[in-house]
Amino acid sequence: MFLGITFLGIGLWAWNEKGVLSNISSITDLGGFDPVWLFLVVGGVMFILGFAGCIGALRENTFLLKFFSVFLGIIFFLELTAGVLAFVFKDWIKDQLYFFINNNIRAYRDDIDLQNLIDFTQEYWQCCGAFGADDWNLNIYFNCTDSNASRERCGVPFSCCTKDPAEDVINTQCGYDARQKPVSVVVTVLSNNMLLLSTKGVGGALACAWCSICDNVLSSSLVKEVDQQIVIYTKGCVPQFEKWLQDNLTIVAGIFIGIALLQIFGICLAQNLVSDIEAVRASW
């Protein structure tokens, strides 16, 4: 119950910071998904279950205990139904996920919480867009149309960029012009048998790296065309999520089974308590 109150508090605080509470109609203005809803819905469900279970047990209130059992049973049934449908209609789920991600790509700059959620997802799964980096053409700031005057034109968010382990500070401009063709790497030979690597067409000097070379370097300046994969993640988040799910299927299944068992245990415990209370009352 207290954890539910905490989640609700965080959600309401986030909405207050974004000015939603002072203008309730703005809830529907966001084109994409507002992550605050996660805190509010999860917090609300946890609070209702916690309140009904705790108060029902402490006050021996059979109505609250029965409500707790039925509500928890409905949640369990919905989870079970969702799992079966997701398995049977995998292609439909994939299409809906693709639609959901692209819809949020359009609203990427509209909400800071949504922006942070997308950035976290792309960094964690090392992906870009729903099925590829070109999905960012759906966003008015990143599309490659000639009418787009944004500096981010034909680029991607920084969360799409491949990470340099030696880089301490995140380069938030690394995605500039990342989808501009061609992407070139200029390799310049410097003194002391060192190479200076810099990318062209990706926001100027996107990255520089130093490496030792042999004495038999043939030229002082080499230009090589490299694939986008050098600069940004080219795989989409939908296939990366599928791959992650397959790789961690045992863990995910174990978590869901554990949650299901806890829910069944809670239902049985509440029903047993209701039976004991009614039996005691019947003996009066």
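Glycine too: its Cβ is placed from the backbone N, Cα and C atoms.
Taken from TrEMBL as is:
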- 38-58: transmembrane segment (TRANSMEM)
- 70-89: transmembrane segment (TRANSMEM)
- Cys127-Cys160: disulfide bond (DISULFID)
- Cys128-Cys144: disulfide bond (DISULFID)
- 251-274: transmembrane segment (TRANSMEM)
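Spacing of Cys160 (disulfide bond) relative to Cys128 (disulfide bond) is 5 Å (Cα to Cα, whole number). For the pair formed by Cys127 (disulfide bond) and Cys144 (disulfide bond), distance between Cα atoms is given as 20 Å, rounded to the nearest Å. Listed in sequence order, Gln122, Asp135, Trp136, Val156, Ser159, Cys160, Ile232, Tyr233, Thr234, Lys235, Gly236, Cys237 are the same-chain residues at least 6 apart in sequence whose CB falls under 8 Å from the CB of Cys128 (disulfide bond). For the disulfide-bonded residues given as Cys127, Cys144, Cys160, the lowest number of other CB atoms within 10 Å of the residue's CB is seen at Cys144.
Non-local neighbours of the transmembrane segment (70-89) in the same chain are 45, 48-49, 52, 256, 259-260, 263-264, 266-267, 270; each lies 6+ residues outside the stretch with a CB under 8 Å from one of its CB atoms.
Counting same-chain residues at least six beyond the ends of the transmembrane segment (251-274), those with a Cβ under 8 angstroms from any Cβ of the stretch are 53, 56-57, 62, 65-66, 68-69, 72-73, 75-76, 79-80, 83, 245.
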